[in-house]
Amino acid sequence: MANKKTDKVTEAKTTTAKKTTAAKKTTAKKTTAKKTTAKKTTAAKAKSTRAKSSKAKTTKAAKKADKPYKKEFNAIVKKNKPIGHITYDELAEKIQKPYSLTDKDMENLLESIEDSGISVVDEKGDPDPRAIGAAKKVTKKELSDVSAPTGVKINDPVRMYLKEIGRVSLLSADQEISLAKRIEAGDEEAKQELAEANLRLVVSIAKRYVGRGMQFLDLIQEGNMGLMKAVEKFDYRKGFKFSTYATWWIRQAITRAIADQARTIRIPVHMVETINKLIRIQRQLLQDLGREPLPEEIGAEMDMPTEKVREILKIAQEPVSLETPIGEEDDSHLGDFIEDQDATSPADHAAYELLKEQLESVLDTLTDREENVLRLRFGLDDGRTRTLEEVGKVFGVTRERIRQIEAKALRKLRHPSRSKQLKDFLD
């Protein structure tokens, strides 16, 4: 009896243990399922947030795009969004040049493009190495990669320059003030330190002006000159950061250089500013009137005589190369279709050659001395006429004797037997 009771108790305990284990497994499965559901919900929320953020950025960028080029802007975003980048040249060709964007307009356009999730690059497929912003922190990895490895030749001067300036770390506000005080005391090394620490600021500003007629390295060089002026004139007591102050000097130096050097035929800076003002008013009148404005209307808006407006419009025209290809096969050029006002016509050239032959034939009837005197006196060989005295020195006789020989030779040429051969050419 005791054994039977013990067996029943053992069996009951085993059954209870099995139930407990099954219950734990069920609870664990439920917990795992809950965690999986929570993860999926979190992922879905994150995806939704990213989509909203992307949509908000695109909407923000679209709002930034000015109305005149809104259509082109939307087309660029639609085309380049999948690949994630666009070149400076493409932007200049599709928007900047057709709409004659000002510096401020171009800055807004670049910001709009970047807000749309599209990066602006130097060449297709090659991310822009100039995108080192003024406020970007340089990581240790970047600092270790700023110089070329031994034996490796860098062919791209832009990339090489960027690696060089990438070695210099950015300055804190306290460091800027300290350097400014040293500069005020006449420390030349402090000037160099402050300038070198802000070279990346020049690059970030210069990249906005690519495609305006100057090479990128030239833009950087002009910007560096503006940076040096900012270093000379910076006053730390005003309470502004140096980069805020220097930006205006750098922009001024670059825009002045573009105005002064970008065109094939140089135009004075003040005239470039007048042209830009005229173009802005012309675009405004085009929107208001719905047609191209007349010079008189532009002149009235600018308070300028109509003739002056026409002159400025003529100056603003870009020169066209005579080597511009004409036709689809590029086998002819623009210069082939422009009349040469100085060229001799074929008919005149033929008449001249016939006259030359007849004149040689008539001169052969004179004596050698008479022929040579006439050739020298009238410059028949080299086009330079000579005086009686000069011809006399050649022959070793007096000027009076040369005059007599000349008169005798001309009388012979006036004889009908000789003159009739040349009279037909007088008409």
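Cβ atoms here come from the backbone N, Cα and C positions, even for glycine.
All annotation found in TrEMBL is predicted automatically rather than curated by experts.
Sequence annotations record features per position, and here TrEMBL assigns compositional bias 'Basic and acidic residues' to 1-11.
Positions annotated as compositional bias 'Low complexity' by TrEMBL: 12-25.
Annotation source TrEMBL lists compositional bias 'Basic residues' at 26-38 (among others).
The feature compositional bias 'Basic residues' is assigned by TrEMBL to 47-62 (among others).
Annotation source TrEMBL lists motif 'Interaction with polymerase core subunit RpoC' at 218-221. For the motif 'Interaction with polymerase core subunit RpoC' (218-221), the predicted model reports an average pLDDT of 92.
Residues annotated as region 'Sigma-70 factor domain-3' in TrEMBL: 273-349. Secondary structure of the region 'Sigma-70 factor domain-3' (273-349) per DSSP, as helix, strand and coil residue counts: 44 helix, 4 strand, 29 coil.
Taken from TrEMBL, the feature region 'Sigma-70 factor domain-4' covers 362-415.
Within the chain carrying the motif 'Interaction with polymerase core subunit RpoC' (218-221), a Cβ under 8 angstroms from the stretch's Cβ atoms is held by residues 161, 202-203, 206, 209-210, 254, 257-258, 261, all 6 or more beyond its ends.
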